[in-house]
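Enquirer: Questions regarding the structure given below will be posed in turn.
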């Protein structure tokens with residue numbers, strides 16, 4: 001009895017202290033609380049909304065309908081997997097994602113090494129500034145520029161090649177399904193290469209210059225110095241960027257959105273290679289109004305993405321001893 | 001250094017310079033080409049053969065842009081959303097970050113967990129759409145601004161920035177009897193100008209370029225953004241020789257394609273003017289973002 005009340009008192013005074021501290025910083029909690037409301041409304045409520053993928057939900061039921069509508073289990077997942085387009089869509093999503101990582105990941109590393117070999121500081125800065133200009137331009141404009149260069153009737157490239165007599169027919173790069181993946185990868189490299197060079201160049205700047213001096217004295221040429229000093233010096237940054245890339249690979253990696261590319265470059269003719277999970281979910285969801293079905297398709301992609309984040313992080317931890325979390 | 005090595009060095013320098021010049025040309029020429037075409041008579045541009053300068057100089061593409069109510073309205077919507085979206089975004093994100101930057105804040109572990117979790121996971125487009133609909137943001141101007149007001153990415157950057165500010169500054173404000181809001185407003189914001197400028201410019205570029213939210217969440221013709229209008233033209237001209245070749249009216253030399261080009265220049269120009277000044281903030285921002293986010 002006695003011990004109990006003493007414990008109670010301790011708890012009470014502990015609570016009292018916390019209460020006193022809280023009262024002192026109530027305004028800070030108000031600030032943070034406003035932020036938490038934004039997170040709850042725009043991030044966490046949609047997360048709970050995912051359960052609609054297992055229900056028969058129609059938009060007219062409002063937000064409550066997500067919880068009250070009838071459960072149908074895996075019906076929508078079944079339907080998607082048995083859709084005649086399923087194989088194509090999954091193949092396109094994976095091919096686009098993998099090809100983009102394969103080509104857009106090494107490009108900024110190479111550009112950073114090239115820039116580092118430039119001795120003239122002004123030229124180096126100017127070249128770098130120019131190289132990341134396209135990062136700030138929207139995909140819409142990038143696709144618009146591609147039209148000006150590649151379209152069959154007005155594109156500069158086609159017109160020039162025709163005039164030079166190198167081709168008899170304009171190249172249908174923007175519509176031929178065979179060209180779509182190359183087009184997406186090429187435009188992603190053009191747009192984002194310079195941007196990611198910044199981080200790799202920063203990594204090179206962090207390398208101790210005395211290493212280069214020592215290598216020079218030992219008779220190492222410039223290529224040898226790149227191989228044995230510059231590249232190893234970038235290793236940590238390369239690992240971090242690689243994890244981030246793999247974690248977001250299905251969305252397009254760090255080099256811009258697969259959705260925007262597939263939506264803007266995609267058309268009815270190159271559809272066999274340009275339709276990806278996200279464009280399909282957009283079409284059946286928001287355009288056809290099949291919310292539960294589209295949410296199920298979305299969810300499949302999210303689950304794979306989350307699995308990729310955790311596995312790439314795990315592998316990075318095993319290899320280099322450090323991951324992101 | 002012996003002669004052969006110097007020779008090798010010279011070869012390598014030339015190779016590096018040539019590759020970089022080619023890359024720079026590949027980055028710059030597309031913009032230059034769009035620029036000269038936008039100043040060329042639209043019907044004349046269709047003939048091709050323009051590479052270095054306009055053949056038939058005219059300003060009528062820009063005049064047509066300003067006179068077309070759809071393009072003009074889209075331009076205004078984009079300007080307003082860029083200014084208000086980045087201003088409100090900076091204010092809210094900084095306010096929340098200021099609260100979280102206090103190390104002695106209660107429940108801060110809980111708050112941070114909420115933020116980090118929200119950075120990694122999302123409910124996806126469809127449930128998000130349902131939420132926007134139920135809070136009445138669908139098909140309204142607010143959908144451009146309100147959901148993106150709190151940026152978790154910049155929240156983390158701002159927190160670490162505020163933590164670097166010497167505590168004496170805040171102490172002196174408290175001594176004068178200022179509450180937290182006044183301290184934030186009068187003391188913290190004025191000394192955080194580099195942070196605010198960076199955030200405003202990045203958020204501004206994001207707002208300026210955005211079209212996906214207009215496509216997803218808006219039906220009203222009055223709320224379309226500049227980038228959305230350009231997307232529409234691109235989608236229409238996917239059918240070859242359709243919108244591209246058709247002159248807007250018989251008498252003028254403006255085509256929907258040349259009108260699109262002037263819109264593209266309008267959309268690119270402010271970014272080209274602003275982005276070189278951001279450079280010194282990039283590295284810090286990217287590094288922090290990639291380590292924490």
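Every residue gets a Cβ built from N, Cα and C, even glycine.
TrEMBL: automatically predicted annotations, no manual curation.
According to TrEMBL, the protein carries these features:
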type	residues	note
TRANSMEM	B:12-32	transmembrane segment
TRANSMEM	B:74-98	transmembrane segment
DOMAIN	B:75-265	domain 'ABC transmembrane type-1'
TRANSMEM	B:110-129	transmembrane segment
TRANSMEM	B:141-162	transmembrane segment
TRANSMEM	B:183-205	transmembrane segment
TRANSMEM	B:257-278	transmembrane segment
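Each of these features: where is it, how hidden is it, and who are its neighbours?
Expert: Same-chain neighbours of the transmembrane segment (B:12-32): 268, 272, counting only residues six or more beyond its ends whose CB sits under 8 Å from a CB of the stretch.
Residues 100, 138, 152-153, 155-156, 216-217, 293 of the same chain sit 6 or more residues outside the transmembrane segment (B:110-129) yet have a Cβ under 8 Å from a Cβ within it.
Counting residues 6+ beyond its ends, the transmembrane segment (B:141-162) has Cβ neighbours under 8 Å at 77, 80-81, 84-85, 88-89, 92-94, 96-98, 100-101, 115, 118-119, 132, 188, 192, 195, 199, 202-203, 206-207, 210, 213-214, 217-218, 223, 225, 285, 288-289, 292-293 in the same chain.
Same-chain residues lying 6+ beyond the ends of the transmembrane segment (B:257-278) with a Cβ under 8 Å from its Cβ atoms: 31, 34-35, 37-38, 40-42, 45-46, 61-62, 64-65, 68, 71, 75, 198, 201-202, 204-205, 208-209, 226-227, 229-230, 233-234, 237, 243-245, 248.
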Enquirer: Which residues of the chain, 6 or more past the ends of the transmembrane segment (B:183-205), have a CB below 8 A from one of its CBs?
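Expert: Answer is 82-83, 85-87, 89-90, 93-95, 98, 148, 151, 154, 157-158, 161-162, 165, 169-170, 173-174, 271, 274-275, 278, 281, 285.
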Enquirer: Sequence-remote contacts (6 or more beyond its ends) of the transmembrane segment (B:74-98), Cβ cut-off under 8 Å?
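Expert: Same-chain contacts beyond the flanks: 65, 141, 144-145, 148-151, 154-155, 158-159, 161-162, 180, 184, 188-189, 192, 195-196, 199-201, 203-204, 207-208, 210, 222-229, 266.
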